[in-house]
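See below for the structure under consideration.
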Amino acid sequence: MPPHGHPSNGENPTRQRPLPPHSNQQQQHHHPYYSSASSSSASFKGCCCCLFLLFSFLALLILAVFLVIILAVKPKKPQFDLQQVGVQYMGITASNPTASMDPTTATTTTPATASLSLTIHMLFTAVNPNKVGIKYGESSFTVMYRGIPLGKALVPGFYQEAHSQRQVEATISVDRYSLMQADASDLIRDASLNDRVELRVLGEVGAKIRVLDLDSPGVQVSVDCAIVISPRKQSLTYKQCGFDGLSV
């Protein structure tokens, strides 16, 4: 019988004490952590990609529906025309009011400056021939004399119903606008000799077709009117207007 406490069969006692697998346990503990983190990151990226594709699809769908509706209603450009011009006041003052014609040269004395005061009231008509409403932005109208801007009137934006007409009013006031030399001479000659002062009214009107509370890209309607005023009669004697180059 082998002695008590000694291993039998020639076994090595050191083989009965296996080393604790510290390194293996640490590796087993670390691998699940990295795997779960990478899985969460991939899931987050996948969700973001799906949301982006969903929003892109919805945006394209809304755009397609809007374009189909626009093509169905066949929008037309609105009309914006100057109907009436009321002359409230026109006054012209030269720097040398005693200017007279020189009999030796048969010419008049050229004034150094001339001032023009003017107040006119304009009535426009906006026509919407479309099946849907139109949204107008703020518009401005300028009165000019021989290419020189004298004054400006602003018209606030408004909404116009489908198949409707609307009147829009604007007033331009000019207070002693000073013209120099050649322009002053032309103004005095037009007023005193010809009793006609020709002015030009220019304006740009921005409009958008509104469908389902959505606005289409804007279009511009141009207003171009030539008016002639008699300083003696203080009234309008001639008017010719056009929009987009068409006479009306």
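The backbone N, Cα and C atoms fix where each Cβ goes, and this holds for glycine too.
Automatic, uncurated: that is what TrEMBL annotation is.
Among the features that TrEMBL reports, compositional bias 'Low complexity' is placed at 22-34.
Residues or ranges marked as domain 'Late embryogenesis abundant protein LEA-2 subgroup' in TrEMBL: 127-225.
What TrEMBL records for 1-34 is region 'Disordered'.
The transmembrane segment annotation in TrEMBL covers 51-73.
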Stretch-averaged pLDDT - the domain 'Late embryogenesis abundant protein LEA-2 subgroup' (127-225): 91
Summary of DSSP states over the domain 'Late embryogenesis abundant protein LEA-2 subgroup' (127-225), given as helix, strand and coil counts: 12 helix, 65 strand, 22 coil
